[in-house]
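Copied over from TrEMBL:
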- 30, 31, 32, 33, 34, 35: ATP binding site (BINDING)
- 368-439: domain 'Lysidine-tRNA(Ile) synthetase C-terminal' (DOMAIN)
C-alpha cells in the first residue's frame with residue numbers, strides 16, 4: 001500500500017504532467033528532509049530514479065558530512081548517486097552574485113550536465129509560501145506572486161503541493177533520518193527571517209494557513225498561466241519582420257501590453273524593469289528614439305518599433321566585390337546569388353519579384369561590383385529626370401540597422417542599382433534587352 005505522501009506526490013505528477021514511467025529521473029539530493037523524502041517517494045512509486053549531490057565547498061566539515069550521508073542513503077536504497085563539487089566562494093569572487101545565488105546557479109548547472117530525462121528538485125508548499133511572501137515584500141507581478149512553478153522545462157517539483165509537516169511526518173513513519181543545514185537556522189538570510197518570524201504569526205492568524213494558501217496558489221497559477229499563454233500569442237502577432245507592430249501592441253489591454261513589452265526586452269537581452277517597460281510603452285504610443293542600454297536603442301519608423309543593438313551589428317565585409325554571373329556572394333551575413341536571365345526583349349517575361357532588383361546586363365559600363373554606399377553616391381532612378389542621393393534613398397527604404405547591409409551595385413560610371421529603390425535609368429530593361437542581371441537574396 002502506498003504511503004499517504006507518495007500518493008499525494010503521484011497525484012501531483014499526473015496533474016502537472018511531470019513525468020512518465022520509464023523516464024530517467026535525477027533527484028537533486030542535499031540530504032535534507034525534503035530531498036530525502038522526495039527520493040524515497042519516487043523510489044516507492046517505481047520510477048527509474050538516481051541522485052546527484054552537489055557539495056558547494058562552503059560549510060567545511062558539515063558539507064562533507066552531508067555528502068557522506070547522501071552516499072550512504074543511496075547505497076542503502078540501491079540507487080545510483082553522482083557527487084559534484086563546486087567552488088561557490090571562488091565563483092562569487094569572480095562574479096557579482098551573492099553566495100546563495102552563486103550556489104543555486106552552480107547547483108543547477110551541475111544537475112543539467114548529467115544525462116537524465118527530468119531533474120527533480122524538492123521544493124514544497126512551505127517554500128512556495130516563503131517565495132510568495134518574499135516577492136510581495138520586494139515587489140512583484142502575478143507571476144512572482146504565483147511562486148515557484150511546478151514544472152520549468154525539464155525541471156519538475158513533485159513535492160510542490162506537500163507541506164513541510166507532511167514531509168517530516170512521512171520520514172518519521174519510515175524511520176528515516178536526514179541532515180540539517182546549519183545556515184537554515186540563521187536569521188541573516190531573508191528567507192529564514194520569513195520562515196522563523198513572519199510565517200508563525202500568519203499561522204496564529206489562520207491555523208489553516210497552508211490549506212488556504214494551497215487553494216489560493218492554485219487560482220494564482222491558473223490565472224498566471226492563462227495570461228502568459230495569451231501574451232505569448234500576442235507577442236508573436238506583434239512581430240513584423242525585424243520589428244514589432246506598434247498598432248498591435250497599442251490595441252492590447254495593459255496587462256497583456258506589459259507582458260508583450262517584457263518579451264520584446266527579453267528577446268533583445270535587455271534587463272526587464274518598470275522603467276524600461278514604461279520607456280518602450282512611450283515609444284509605442286508616441287514614436288521616437290531612446291537608449292535602452294549601453295550600445296542599444298529603440299526607435300520607431302512608421303508604425304514599427306525596432307530594437308537596434310550595436311553589438312549585433314553585422315561585421316564589416318569587403319568594401320567591394322566584383323560580380324560574376326551565376327555566383328553566390330556572402331555579404332553582411334547574406335547569401336546573394338547573381339544570375340543572368342535571357343529574355344526575348346519583352347519586359348513582361350521577367351518575373352515580377354525581380355522588378356526592383358534587375359537591370360540590363362549589356363548596358364553595364366566596364367566591371368560591375370557589389371559595394372557599400374559611399375558618401376556622394378547618386379543615382380537617376382528609372383522614370384526620373386533627376387539624380388537622387390543614395391543615402392536618402394537608403395534612409396527611406398530601410399531601418400537604421402539594415403542600411404549597412406543594403407546592396408549597392410555600381411559600374412565604372414557609378415551606381416546602377418540601389419536595393420529597395422531600383423535600377424538606374426541608363427540600365428533599365430526595355431524592348432531591346434536580351435540579358436537581365438538579377439540578384440536573389442537568401443539570408444543565413
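Just so it is clear, glycine is given a Cβ too, placed from its N, Cα and C backbone atoms.
Curation plays no part in TrEMBL annotations; they are all automatic predictions.
In the predicted model, the domain 'Lysidine-tRNA(Ile) synthetase C-terminal' (368-439) has a mean pLDDT of 88. For residue 32 (ATP binding site), the Cβ neighbour count at a 10 Å cut-off comes to 19, with all displayed protein chains included. Residue counts for the domain 'Lysidine-tRNA(Ile) synthetase C-terminal' (368-439) under DSSP (helix as H, G, I; strand as E, B; rest coil) come to 17 helix, 25 strand, 30 coil. Other than the site residues 30, 31, 32, 33, 34, 35, same-chain residues with C-beta atoms no more than 8 angstroms from the centre of those residues' C-beta atoms, the ATP site, are 29, 36, 37, 122, 178, 179.
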